[in-house]
């Protein structure tokens, strides 16, 4: 559904957080107007109704509904402006039942700007929490006044986000890379710090947070670019420890059991601060020493790099589940590939799935957080110019996405404002997570302790590369790595380079991620009497991955047989042509065109989905407007070829001379695919592309394909693609 154009924040925004009301529908803004759009679920489908403007302001940054408490109480809507928040109540009109009267109940002003997700309602009552970069204020009486209760934030860090737990007893505030917990006393209307879990550090800055079940929260941490850049800048130096503290560095371990009680708070916090500060402090070059080994006796200066991040999992953004009970426990931690700053997060309580996205990336990832199963992932990919500006679950299977489409701008200069103009629309995507075989409770904890070992970074890379030789050349993404040493020992590899991301599943379905263990009982059963560092256990039940591997091997074998058969057919054709020429005499050679007027066609090959959503394009020379079928077969490694004409796929054949019995025109675009594979299992339903941007071709369901009048190919022109 198209909503029109509007001015939205570039980053940090989730315009659909607490924006859907069961009666009044969706509240959204274009930057100035407050609009209500009717939203209904009918037979499992979303139906959008009429929209009406209920207010207009100079600047609106966000909207959020208070939780519905009772039928006889007015409905509250918080309107977030740049530096203040106004709370409005909606009451039914006594004159017309279809109309609603709005009136302002209170206005909250502050000296600092409100954070992009700075209005958070209590899950069970009309208590509003307002966040700035330095303050957290709770307003328990928004129906009548602006009386507030301030949280005691005794830290110098910057507040990013906050949320209430589902039980409504605890407020969790993300300050920098740490979580601060507060207990709410509803009777006294007071907020005090939790004595059993004061501060819990998660190693990286928290971008977004949401409540999951009971006293558990899910947080998304950004990629620690400051640590990686700090490491890369000093990678050739061996920096000694601080002279004041000669103890070895305390390096965090991702798979380590992370828990915090009252006694261990100070010691654990101090040990990790010493690590993070080593990447942020300026380097003292006057104390740089070099180590000289026996094998380096002839070297003048030997400087050794110290890599603290590679292999620890800190070179990626993460989704972390944190449980607050008697002690804080990190119950699970998985990587978020391809997204640098995951500032959008949403949770569905019924399906136990989390959606993670970013305002600056067109990818949305769906994770399963069920404790007894391996977390799955589903990828939702938007257009290149589209960005998710808000996400929320309507049901356990439907995800509502507010999409902002940006016009193409010059990326040479950084944007000068925090907001930009977008073409706003609403889309609904179905969540289809494949269920993994259930794991018993006795096996689940053991699974967490062993699953990260076989699926660490190196093994996962080998597994992905084994699926297809071209798998790493498919979906574009960003990979940031701090491992800058090559096999020949020369440092200096690019820190950030564009690769083809392996994050998408082979069939846009679900693949199992590596779950890094964080909580284990003290008495876990041993699978072997050998030490831990020598035991290697297989990952638990990966039928989909094994099926894909066997399917890939079968596909490669069949392709090799087809190539041999095609070569034999080509040899027979050449022998037959030579025989005919000997009997009938040489044919007069045709006049060839000038190289300046090169006649060629663009052949676009749509590959099967389990090789990745990839479109390969080649430029092929025409011979008198004709294409030789064998040339096309050899170019793309196909035995049977289907060509798209209007909305139909047509199998191509050859005449007695080996040419496709059609005439083609220069610079014509031809779309082909493998004709020997099953349509229902392998290919998408349809194919669409833009005439001016063939490089951004993608496959979509239900879109009509462009028409072609002719096709053909002969000698291949290298370098034209």
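Glycine is no exception: its Cβ is also placed from the backbone N, Cα and C atoms.
Remember, predicted model here, so these are calculated numbers, not experimental data.
What Swiss-Prot says about this protein:
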type: MOD_RES; residues: 1; note: N-acetylmethionine
type: REPEAT; residues: 55-98; note: repeat 'WD 1'
type: MOD_RES; residues: 299; note: phosphoserine
type: MOD_RES; residues: 468; note: phosphoserine
type: MOD_RES; residues: 501; note: phosphoserine
type: COMPBIAS; residues: 520-537; note: compositional bias 'Polar residues'
type: MOD_RES; residues: 523; note: phosphoserine
type: MOD_RES; residues: 530; note: phosphothreonine
type: COILED; residues: 556-584; note: coiled coil
type: MOD_RES; residues: 686; note: phosphoserine
type: MOD_RES; residues: 690; note: phosphoserine
- Message: Quick check on the repeat 'WD 1' (55-98): DSSP residue counts for helix, strand, coil, in that order please.
- Response: 0 helix, 21 strand, 23 coil
- Note on the structure: In the three-state DSSP scheme, the residue listed as 'N-acetylmethionine' belongs to coil
- Item | Mean of pLDDT values spanning the repeat 'WD 1' (55-98) | 85
